[in-house]
Amino acid sequence: MYKIAVLPGDGIGPEIVPEAVKVLEVVGRRTGIEFQFTEALVGGAAIDARGQALPPETLDLCRQSDAVLLGAVGGPKWDALPPEERPETAALLPLRKELGLYANLRPAYLFEPLAEASPLKREIVAGTDLIIVRELTGGLYFGPKKREKAGAGEVAYDTMLYSTAEIERIARLAFEIASSRRCHLTSVDKANVLTSSRLWRDTVDGLKGEFPEVTLEHMYVDNCAMQLVRRPAQFDVIVTENTFGDILSDQASVLTGSIGMLPSASIGGQVALYEPVHGSAPDIAGQQKANPLATILSAAMMLKYSFKMDQAAAAVEAAVGRVLAKGYRTADIYVPGTSLVGTAEMGALVRRELQEG
Ligand code: NAD
Ligand code: IPM
Ligand code: MN
């Protein structure tokens with residue numbers, strides 16, 4: 001029996017998360033493995049109901065679970081709050097930090113039927129199969145920061161702080177992942193300007209000898225942003241610091257058709273957390289327009305990384321592939337000639353394929 005903490009959060013979270021939960025229920029029935037789901041409040045929903053973005057009982061539940069499934073947090077309603085109260089900085093970041101989730105795996109894989117859904121040409125996106133290994137508990141997000149009065153105005157700073165140990169653990173993981181894939185690792189930094197990037201590059205170089213089978217390449221982040229849309233198939237594994245990884249992964253999502261397709265796994269601690277790369281999408285929330293596939297594919301990553309159920313994970317991915325091959329599309333991946341479906345309908349289609357497959 002596996003205990004799964006379910007944190008739908010805000011915006012489209014409560015629409016997409018149940019679709020992934022129901023997919024896991026089908027997996028449970030088919031494999032005879034019992035999943036026990038317990039829901040908890042996080043983000044704006046928790047602020048409204050409990051007065052704080054990450055109530056202690058939510059963190060406790062996560063710690064006591066075997067895995068966490070999260071939707072998204074944040075939205076216009078809570079945007080005016082100070083950083084120490086906001087859903088993003090008072091719930092999501094502390095949750096990642098408290099659980100020790102220093103590695104965020106963000107695979108960008110093109111399901112072939114979606115080549116036309118990308119604004120990029122088919123011949124550019126064809127063959128996209130990369131994974132961004134994003135450092136998740138360091139850098140600008142967690143370094144010393146301050147905003148204060150200065151003369152007539154104010155000053156503010158954030159600090160991109162990294163230690164050798166922090167870089168080594170994420171880089172080692174990225175080398176290992178590369179080693180299990182096509183053995184090509186691109187480390188992305190801004191070492192021509194930033195001191196923390198200099199340490200990053202030196203530290204990554206220091207691990208090369210441990211992984212002779214992996215070809216290591218360094219790339220500046222600005223060039224990487226360009227190369228991602230110029231020739232994405234050149235990438236296998238990308239390892240980078242927190243902020244660069246955040247930005248590059250939203251960009252990489254476009255190679256796959258939509259940000260609604262990109263799953264993620266945050267690992268490195270006792271309990272891993274699975275969430276789509278996208279946010280709470282307030283512009284489409286409550287309208288059954290959201291694509292649940294990123295969350296369903298995040299559940300597949302849970303099966304693989306937390307429960308070592310590789311076959312079940314592959315079955316979920318294959319079911320998603322078949323639904324797309326049959327021409328079903330949510331609005332974000334719709335092209336003329338395909339069949340437009342809503343959030344719940346897309347979830348149901350995946351489950352039907354899973355049951356039949
Ligand atoms: P967003 O990812 O929520 O939305 C960007 C655009 O992508 C929007 O047009 C949205 O409709 C679309 N989109 C996103 N997910 C989609 C899906 N599943 N299906 C179809 N379309 C989808 O980013 P944003 O608008 O910059 O942020 C909105 C809120 O979400 C903010 O409060 C932000 O802080 C928060 N956020 C949270 C997370 C998280 O919880 N992990 C991640 C990113 C942003
Ligand atoms: C993400 C989000 C978060 C991040 C925000 C909401 C704190 O953009 O998960 O990609 O920057 O990590
Ligand atoms: Mn992001």
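Note that Cβ sites are derived from N, Cα and C of the backbone, with glycine treated the same way.
Unlike curated records, TrEMBL annotations are generated automatically.
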Per TrEMBL, member of ARG63, ARG134, ARG198 binding substrate alongside ARG96, ARG106, ASP222
ARG134
Which chain neighbours of the Mg(2+) site, leaving out ASP222, ASP246, ASP250, have a Cβ atom within 8 Å of the mean position of the site's Cβ atoms?
VAL221, ALA225, THR243, PHE244, GLY245, ILE247, LEU248, SER249, GLN251
For the binding-site residues ASP79, ASP222, ASP246, ASP250, the largest set of other C-beta atoms within 10 Å encircles the C-beta of ASP246
Residue, out of the binding-site residues GLY75, PRO83, PRO87, whose Cβ gathers the largest set of other Cβ atoms within 10 Å:
PRO87
Output: those binding-site residues from GLY75, ASP79, PRO87, ASP222, ASP246 whose CB lies less than 6 Å from an atom of ligand 2, in sequence order; none if no residue fits.
ASP246
Across all protein chains shown, the binding-site residues ALA281, ALA285 give the max Cβ-within-10 Å count at ALA281
Take the C-alpha atoms of ALA281 (NAD(+) binding site) and ASP250 (Mg(2+) binding site) and report the distance between them in angstrom, rounded.
13
If you count the other Cβ atoms within 10 Å of each Cβ, which of the binding-site residues ARG96, ARG106, ARG134 comes out on top?
ARG134
